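Worksheet: one structure, shown below.
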């Protein structure tokens, strides 16, 4: 009997232990964060380089430097884009997340609404050297207006037109197109013998949305009203989206196969000389890793409807970029802020943004001579003068999915040779709008 | 083992004494309690792994669980049946999309299960006769079932690609069946692509189960039938299929449940946003919760799906076993 009782006790103990470990391990959820484990940090980095491995190689030496300075060990995980938002949502729901993380800057307002991220108020900004160290355009994509930012800018990017110099010369084109009309005219010269003028990522909702916002804006439309209500079906928005999809449907300067691209195949096509032009953000490092030399391509501003890029209908890119955020329930709040300060310091900004061919959102680093190359000049200029921030509304990420998917379906229509009309575009956007949360 | 032996011995020893009186009670409780005590860990884990998440999921379906509340979802307001009302309001966009997705899934499941069963059964019957290389063929047939889903489906993704895919290369470049390369992963053809992968992945299971079932049919039945002049077709109809009935009953049910709920195949094939023609319900629900961040509606849809599957399973078992009882009688 004694043995059996011992066995029973052991069994119960084990089950309780299992139960405890399965649902235990919770950290403080009081919201303010704590300093319970001041010697370690977990950091989720977004995938900025050509691969996760490249990112690790870029970031690890910097993290080692940080450990040497502060004694805080940073555990790095580079999360692919396809998983990042889901991982953040899961972390938010469970309270089991990293201490510091990168977010796509367009998600700022959506994630801000969950209340999981540390708000960057006066006091927190002072801890990392002050808000005025950052450039304004980048700060415009850190959360809803009138609220403390949910994140601080880390890397800035803008769209530009990358063009293959040799293919342009062969077709007798002397300068990159400045308007869409010119782009289509040039495109018709370039699209022949199995080569195509332009590449797009038709099945990637995020890429679609970045262009759709700019095209709509060039026609004078916003996807959200001033008070944050979705407004996807205005005539101008429909016209803008149609013009984008017409590059394949009507103008036939994009290969139909692009409609199913979602793994950056359009970048590979450009690097291999299959397409002559590419609309991309900070593609230099990526193109280099695919073996395209820097002299082989030129960088020009993304075309506009007419005139020169500027404000309002002259915009030609979204303010793209990566923000850095701190999870509110971190157990190393001081260390997390120290780490953000380190990563946004002038010296680190120079190293990191050079490695990723991005623009530093920190004015001190941006003015550095190494960011004055012609390529960077285009990006800097775009960011300063003609970039539009993503809608800073709580439903932004749903908008990206809904409209991005609508445009994806339109590409599918165009690729299959089905007509893309004002009505069909409007119907697609209407459907997207109906999917948006009503509350 | 050491624990059960003394316990048993004690049972035997004490059994006459149990009737004697209250003096023995504590020992009896201990004895009766022991099996339950030993079951307790399993019970607790079962609760933890199965029931608790299910109950939480059902509770979530009555809440307005959007991005504003996910951080601490206990604070999300209850909204009664709103999520359900929204999901089944087929005149509004959300319900309409759910209904569309449901119908696509039903069509897909019927076709996939039917084809899996047909191919699997046919192959199993042909493999009954001994011939050279039978073992090799049997092993080969099981490969799709043994491959990890992700690896297998991602290979299909490459094959279905518009520009460089093998499928277009064969159908268009070599055989010239289509006048231009088709899209398989976007647009209407995606349904065919999904069905192909699903059948390719599912039929070896049907093959395996039917093959096992065939081993239990006595050879004498066929010999007797042959003597009576029954041909191959009659033998199949009058002996093989009726004998396989119990096996088929389970097989079809399992295939149905797996196919109806399949998430991996469409997800790997199409990513987060499936084309409309191949918008299976599992991915649709995933999208309703994760992509639009409305976990309440997602849960409500899941509960509806659960109810539907329970209903179908119950109805199916009732029908098939009733049929068997009358046949037996």
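Each Cβ is built from the backbone N, Cα and C atoms, and glycine gets one as well.
Checking TrEMBL for transmembrane segment across the ranges B:76-96, B:139-159 points to B:139-159. Ranges compared are B:191-214, B:215-238, and TrEMBL records transmembrane segment for B:191-214. Contact counts against the transmembrane segment (B:299-319), taken as Cβ pairs under 8 Å, peak for B:33-62 among the stretches B:33-62, B:102-127, B:139-159, B:242-260.
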